[in-house]
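J.: Dumping the structure here so I can ask a few things about it.
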Amino acid sequence: MLKEEDKIFINLHGQQSHDLKSSKKRGDWDNTKALLDKGRDFIIEEVKQSGLRGRGGAGFSTGMKWSFMPKNSEKPCYLVVNADESEPGTCKDRDILRFEPHKLIEGCLLASFAIGANNCYIYIRGEFYNEASNIQRALDEAYKDGLIGKNACGSGFDCNIYLHCGAGAYICGEETALLESLEGKKGMPRLKPPFPASFGLYGCPTTINNVESIAVVPTILRRGANWFASIGKPNNTGTKVFCISGHVNKPCNVEEVMGIPLKELIEKYAGGVQGGWNNLKAIIPGGSSVPLIPKSICETVDMDFDSLRTAGSGLGTGGIIVMNQSTDIVYAIARLSKFYMHESCGQCTPCREGTGWMWRVMMRLVKGNAKKSEIDQLLSVTKAIEGHTICALGDAAAWPIQGLIRHFRDEIEERICHLM
């Protein structure tokens, strides 16, 4: 359990004002110049030593990602913050944008300095109108106070931060599609290599990080890498904001230690499963893109990257979707299939054709008028899509179906037999 003094997002639930004055009282912008004066190498090394892994889903070392940026680039460098939070079941970044905007902006300054970027873009989901307004007000306050802009915090470093609103496309959450959209083009993922660190925004070195990943950086630098690394589990350090929704008594966002047991998280903060723990059917532990896990696994699994990977799923965004026995599990996954079909950009044939095909088969399974042989055929198609697309949307469309067949095949077959 996370100690009160170890919480990073003190105002996660908006109990206090999110303006600059209140944020400073909570410790934001506390002698930021001293952190900048320690130099780029110090910041990158400290973030590396903290063990911070990307909070957007991939779980790659944040400090390592920063170190890939060229030290002395002839081209301008950019930092891009991915605030295009569109994953079903995920709303952690939204509350950070709402109630902790100055943590994010201070993190943008420190990260920009670390990678040598004088310009930073916050790419926010188009539907987040109120959140975008909050961020813009916070940016205006920071500029007025001399915290960002020319000679930011009196450090001699110039850092401009811009807010850019997207247009509602889920695919723009993929980092290279986001860059395309930021450049004014249709949001379609790029082939890699080249990677953004060498050829990113406008063909210049670019680092893309998630909102939560950037927002925790100031606290890590103030309290030290060892403090952050002491929280959680080895290779899964620090705190994490989890979103708990679905069939729970109190849906909520909560900051807890990485590696907290899933059962404890739900019972302590979300008031337990509706109808009691024994009424649980399955949980999607990391947003809609990861495979579901049945009650038997939920009993003992911990909420961290490695434990969930071992359990055949993933931490993803930390969006926990709880489903009790009243859930039509086949229809629930079919709805996710429809979402991915709708959000496919159409660039890759396996995804463009496969997502629509999978949804149509899933709907036949929902109605029970499919053949049993189609279950294996469907699984085969998910394997053909997985790993054969430019971006991970193909994998994201395939994994929920794979999880369904792996754990609830009997229920699918029973439905086919019952309705034949």
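Every residue gets a Cβ built from N, Cα and C, even glycine.
Quick paste from Swiss-Prot:
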type    : residues                                                             : note
BINDING : Gly54, Arg55, Gly56, Gly57, Ala58, Gly59, Phe60, Ser61, Thr62, Gly63 : NAD(+) binding site
BINDING : 166-213                                                              : FMN binding site
BINDING : Cys345, Cys348, Cys351, Cys391                                       : [4Fe-4S] cluster binding site
J.: Using Cα-Cα distances with a 10 Å cut-off, which of the binding-site residues Cys172, Arg190, Cys351 are near Gly56 (NAD(+) binding site)?
T.: none
J.: In sequence order, which same-chain residues at least six apart have a C-beta under 8 angstroms from Cys172 (FMN binding site)?
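T.: Once residues fewer than 6 apart are set aside, Cys172 (FMN binding site) is near Asp84, Ser86, Tyr123, Gly166, Leu178, Ser181, Gly187.
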J.: If you count Cβ atoms within 10 Å of the Cβ of Gly166 (FMN binding site), leaving out that atom itself, what do you get?
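T.: The answer is 22.
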J.: Cβ-Cβ under 8 Å from Gly184 (FMN binding site), same chain, 6 or more residues apart: which ones?
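T.: Listed in sequence order, there are none.
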J.: Using C-alpha atoms, which one of the binding-site residues Gly54, Cys345, Cys348 comes nearest to Pro196 (FMN binding site)?
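T.: Closest candidate to Pro196 (FMN binding site), judged by Cα separation, is Gly54.
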J.: Out of the binding-site residues Ile208, Cys345, Cys348, Cys351, Cys391, give me the one sitting nearest to Gly54 (NAD(+) binding site) by CA distance.
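T.: That would be Ile208, nearest by Cα distance.
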J.: Using all protein chains in view, find how many other C-beta atoms are within 10 Å of the C-beta of Phe60 (NAD(+) binding site).
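T.: By my count, 11.
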J.: Using Cβ-Cβ distances, find the residues under 8 Å from Cys351 ([4Fe-4S] cluster binding site) that belong to the same chain and are at least 6 apart in sequence, listing them in sequence order.
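T.: Looking at Cβ-Cβ distances below 8 Å from Cys351 ([4Fe-4S] cluster binding site), excluding near sequence neighbours, one finds Ser344, Cys345, Ile385, Thr389, Leu393, Gly394, Ala397.
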J.: Measuring Cα to Cα, how far is Cys391 ([4Fe-4S] cluster binding site) from Tyr202 (FMN binding site) in Å?
T.: 20
J.: Taking Cα atoms as reference points, which of the binding-site residues Ala58, Phe60, Thr62, Arg190, Tyr202 is nearest to Cys348 ([4Fe-4S] cluster binding site)?
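T.: Answer for the nearest of the binding-site residues: Arg190.
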J.: Counting only residues 6+ apart in the same chain, whose Cβ is under 8 Å from the Cβ of Ile208 (FMN binding site)?
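T.: Ile208 (FMN binding site) has long-range Cβ partners Val80, Val81, Asn82, Glu175, Leu178, Leu179, Pro196, Gly200.
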J.: Measuring CB to CB from Tyr202 (FMN binding site), give everything in the same chain under 8 Å that is also at least six residues away in sequence.
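T.: Tyr202 (FMN binding site) has long-range Cβ partners Tyr78, Glu183.
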J.: Looking at the binding-site residues Ala58, Leu178, which sits with the largest number of other Cβ atoms within 10 Å of its Cβ?
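T.: Of the binding-site residues Ala58, Leu178, the most buried by Cβ count within 10 Å is Leu178.
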